[in-house]
Each structure stands twice: as structure tokens, then as C-alpha cells.
Amino acid sequence: MSGGRFDFDDGGAYCGGWEGGKAHGHGLCTGPKGQGEYSGSWNFGFEVAGVYTWPSGNTFEGYWSQGKRHGLGIETKGRWLYKGEWTHGFKGRYGIRQSTNSGAKYEGTWNNGLQDGYGTETYADGGTYQGQFTNGMRHGYGVRQSVPYGMAVVVRSPLRTSLSSLRSEHSNGTVAPDSPAADGPTLPLPPVPRGGFALSLLATAEAARPPGLFTRGALLGRLRRSESRTSLGSQRSRLSFLKSELSSGASDAASTGSLAEGAEGPDDAAAPFDADIDATTTETYMGEWKNDKRSGFGVSERSSGLRYEGEWLDNLRHGYGRTTLPDGHREEGKYRHNVLVKGTKRRVLPLKSNKVRQKVEHGVEGAQRAAAIARQKAEIAASRTSHAKAKAEAAEQAALAANQESNIARTLAKELAPDFYQPGPEYQKRRLLQEILENSESLLEPRERGPGTGLPERPRESPQLHERETPQPEGGPPSPAGTPPQPKRPRPGSSKDGLLSPGAWNGEPGGEGSRPATPSDGAGRRSPARPASEHMAIEALQPPPAPSREPEVALYRGYHSYAVRTGPPEPPPLEDEPEPEPEVPRSDSEPPSPVSATVQEEESPAPRSRVPAKPATLEPKPIVPKAEPKAKARKTEARGLSKAGAKKKGRKEVAQEAEAEVEVEEVPNTVLICMVILLNIGLAILFVHLLT
């Protein structure tokens, strides 16, 4: 057997024994471009036993076959360590995977590199799961046992399948304490959950809020509220369970918990529940699992006496089941996302109540059956676990033999080529330095944060740290809540002076949609912000105008800004009592006729001259006008004014009739609406009771 150094075209090199044109004996080989290194024994070009080191510092120590890891060996990948069997490059059939910085581990059977079959999963806080696995997830039947509540770890991740995430192979096998897992959409669960505790006395974030009239309708909201009074999520049940020292805010470490919902504001009810629960309370779940979550039939029981038997969905009570309280009382019915929505209490129809009770009994029987199967599967998993431990011990011996072969190969490579670069030890040094730096950073960051800010120590990946404790940036703009509200900009042409608005001319408060009117053009314009029906309603509320007016006074008030009579005073008739004319400039309800428009332009008063007309008391001033033009003008304008007055009188009569109709219709419409609402409520209640 000869030996030496051989350089390949891809940048790799081999230094060691050689026979028949192939690596044989002991030797050291680097991969393409010098990346990666294998040192150990060879058999005509294939690895037999040795150590492979990746550029990241990950290593495999064990046996090989046909160029793949096969047999027994130990893989160090990030902060995870696998010890056990290998089959054609994949983990399995039996093996153990554990975390180097926590107590999290899996012991059992494997298939294609994933947990598959039966095994035991132990979490960082000491909780365990024994049962079936499929494709790296808890699937089938199993038993989940938690540690005492005071020792259970707080789950801060918004999305996580397991406490230490024994599923992921990404990022060199290292999974951050709060790293997300791709398990599908999440359901809002109680805030601050604890590992292994899924019997929640709190409803979901949406159901925990008091149902309003406008969320799901007035009728459905009230009916839902009355039906769920016996639920563990109701307010009355919360108070009773607080007295019995039970708690919520808990879910399984494999469940998904959201801190964004229910963790802020005065409605955060997780703190009192966490404070009142007994620290020695434990919880056990026995039943079905689907896709790493409690789904199907199962039994969950706490050491304090709280027990649920029935159907589950995504770690929540969902379906028909029965909850037994610590004091012996029971509630049973249909659950929907942890809330009892259809119970057997206070039922109107006994037939429907019996159907619900039958479904509850079926759910309880299925849960007890599933619990018995889960206990059997847990016993099988325990036997598989003991076998996996034996394989792990054998893998440790295989790793020792592989290291011996690696040392022989390194010694031979130095003898054959002293200048040959061996990258393996350098990779491992880099990995050790990186781990030391990460550990020092994780130790320094909580010290800097804790004394300075008084905040509890949390992982830096924790979303709760960002959601609830991140202060506002100091250099940013001030909060919008602190700035005074900007004044509303007036509309074009508006004026703050009340005398320039249409309502001010008429002695009324101006409306929101009205536009200001100037003496020249405001009398004949309509406000674009109001429809014609609105103007009719507003006109109807005005005081009734006088039956007739004095044309001369109305005519000459437009010229002199006060009432003037040119002819000799005559005793006015009874229907011509002098009254102020608030309605003269307001004609915005209808488009004016050409004659009335000319009269209104002449009659529009000057600004700020609001002297009421007193024709009965004023004495006429001596005016010397030209006789013939005045008479002609007076005759023409009086004729036009009489026509306009007739039209105005007709319009005002129509407005008064509309007002009377509105007043007559208002009372019956209100009573009719109330009667319809009451009738709908009665029909809805009867319909719901008949359906359920």
C-alpha cells in the first residue's frame, strides 16, 4: 500500500493511504474548494469509520457505508446532539436527540431523519409527552404530563409547535427559544400560557370581551350572551374559579399563544389567574393528537380536581364534552373554542336537551376510550425509549472508535505531507469561539436591561419585550394625542359674523350645511349641501308669517334701510297688523321667478341694518320725488310684488301642510318601529329555541 498527497480538480485534496487508485487505509480528505474535512479509515474509496467536520463546526463521529452515514454515530449540530442509529444517511431507527444547553430531548424511533413511531419527548421545564409521532410531530395517541405550575415555563412565542422545537432542522439545528414554526394559522389563546396547561378558564380574546350590539347583531349578541353564562369563559365563572384558586392563561408548549391579543390594556386578566393558581398544580392530557396539537377525543385533568372529557381542536375544547369542577359541579354541552355555547341547563324543549345530552355522553365515552388507548401507546413508547437509550450508549462507543481512527489519519497525513493544511481543528475552534461569544452576550444583555430599566429578564427574541416594553423613540415626532386639534377650516365664502349667514337674517341659528348669503346674491341661491326636502322641513319650523304685508313699506325699505310711507297714512285694516318681516330675504327653498328675483334684489337690506318696520307709528317724511316716474314705478312694482306675494303665500301654505303631515306621521312611525322590533325579537327567540 502506497500513500501520499493527491490534489483534485475541484479544489479538494487527499493525504493518506492509497491502493489500486483509490483511498485505502487511513487518510484525510477535504471537499471541493477545501470546504469540509473527513479524517478516518477508508476502504477502496469509501469511508468506514471516522470524523467528518463541516465548515460551520458541526461534526459527525461514527460509521459510514457506501459514502453515507450508516450504523452508529453521534452528530453535533449547533446546540443539538443526536446519538443513535443511522440508516443510509438518515437518523434512525432508534436514537436520542437532546439539547446541549437545556434538558429538552427526544428518545424513540426515527424515520427519514424525523421522529416517527413511538417515543418520549422531554421539555426544558421537565414536562413529558409519551406516545405516537408522525413526520416529526405528535400525531396519534399520547399522554402529555406537565410539571407543577410554578415550575412550568412561560411560553412567550407567538407561534411555536413545541417548547424546544424538536422539529426544526434549520439554522444548523439551532432553534431560538421563540423561533416560529411553520404549522399553519394560529388561534388566539389566553395570554402568558404555561407549558403543558391547556385547560383554560379564559375564553379566547374575542369571546372574552363582552359582546356588543353591533358586533354580531343586536339579537344574536344578546342571545349568545345569555346562552354562555354557564361557560368557563363567562364573567361569573371567572369569579367563582378565582375563589377556588384555579387559573387560566395556560396552554400547551406545543400550542400557539398570542401576546398581542389580550395582553395589553385593562382587560388583561392573565395576571390575577397566574397569581391565584396553586404552584403545585399539575395537568395531564390523555387522548388524540393531530399535527402536534390536541385534536379529537381526549381527557385533560388537573391535580386540583378540574377535569374535562370530550372533543378537542387545536389545543382548545371544541365539540361536545363535560367539565367537572373541583367542587363536584358539572357543566356539559357543546364547546366552541373553549366557550360553552350550548348547555343542557335551562332548555325550553326537552327533546333538544336530550339530543345534546346524548351527544355529550358520546363525546365523554369517546374521550375515555381515547385516554385508555393513549395509556397503552405511552407504555409502548416507554419500551421504545429504553431501546433508544441503549442504542445511544452504543453510539458513544462508536464515536470513540471513530475518533481513534481520525487521530491515526491525522498523524499519517502529517508524516506524508507536513505542509498539508488540515481545516478540521480550525473549524472546531471557530465554533467554540462563536458559542463563547453568544453565551457572553446572553449573560450581559439581561444585566444591562434589568437594573437600568427595571424590566424582567426575557429572551431578546421575545415578542412580548417589543410589544409591551419598547419605549417610544425619543427623537421621533411627538405623539398625535398630545397635539391640540387643528381648527376647522371655514368653507369658501363663510364668515364668523352671524349677521352674514342666512339664519342670521331670519333670526335663526345657522345650520351646519348652510352657506352664507350676501345682500346682493344670497337671497335667491340654494345651499348645495342640503336637499330640497331638508329645506322644506326647516321652513315648516319657522313662525307663521303675517297674512298680508304693506307693499309700500316693503318696497321703500330696500332704498332707505328703514320703513317709509310716501302717501298719507290710512288706518290699516284688522288683518294688516304691523309685524317684522323675517321671511322676506329667505327664498332659498325654491328657485325664484324672474319677477320675484327683481323684487328681492331691491328688497335685500343693507348689512347690519336690522331695524324692524313700524308702519303704524312712523310718520311719513316729506319726500319730493317726481310724480309721474314714481307713480309708474310704484304701479309696476306693486303689481310684481302682489304676484310674488301670492306665490309666497301659496308656498307657505304648502309648507304648513307639509309640517302638519310630518307631525302627524312622526308618532305612528315611532310606535310602528317599536312594535316591529319587539315582534322580531320574539320571533327570533322562538326560532332559536326551536332550532336548538
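Here the Cβ of each residue, glycine as well, is placed from N, Cα and C on the backbone.
Bear in mind that the values here come from a model prediction, so they are computed numbers and not experimental data.
Lifted from Swiss-Prot, the feature list:
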| type | residues | note |
| --- | --- | --- |
| TOPO_DOM | 1-670 | topological domain 'Cytoplasmic' |
| REPEAT | 14-36 | repeat 'MORN 1' |
| REPEAT | 38-59 | repeat 'MORN 2' |
| REPEAT | 60-79 | repeat 'MORN 3' |
| REPEAT | 82-104 | repeat 'MORN 4' |
| REPEAT | 106-128 | repeat 'MORN 5' |
| REPEAT | 129-151 | repeat 'MORN 6' |
| REPEAT | 285-307 | repeat 'MORN 7' |
| REPEAT | 308-330 | repeat 'MORN 8' |
| COMPBIAS | 457-471 | compositional bias 'Basic and acidic residues' |
| MOD_RES | T470 | phosphothreonine |
| COMPBIAS | 474-487 | compositional bias 'Pro residues' |
| MOD_RES | T483 | phosphothreonine |
| MOTIF | 488-492 | motif 'Nuclear localization signal' |
| COMPBIAS | 573-582 | compositional bias 'Acidic residues' |
| COMPBIAS | 627-640 | compositional bias 'Basic and acidic residues' |
Residues of the repeat 'MORN 4' (82-104) by DSSP state, where helix covers H, G and I: 0 helix, 16 strand, 7 coil
Close approaches to the repeat 'MORN 1' (14-36) from elsewhere in its chain (Cβ under 8 angstroms; 6 or more beyond its ends): 1-6, 8, 42-45, 52-55, 405, 408-410, 412-413, 416-417, 420-424
Beyond the flanks of the repeat 'MORN 5' (106-128) by at least 6 residues, Cβ under 8 Å: 84-85, 90-99, 134-138, 144-147, 151-153, 162-164, 166-167, 169, 195-196, 253, 377, 380-385, 388-389, 392
Predicted model, mean pLDDT over the motif 'Nuclear localization signal' (488-492): 44
Within the repeat 'MORN 5' (106-128), residues counted as helix, strand or coil by DSSP: 0 helix, 16 strand, 7 coil
Residues of the repeat 'MORN 8' (308-330) by DSSP state, where helix covers H, G and I: 0 helix, 16 strand, 7 coil
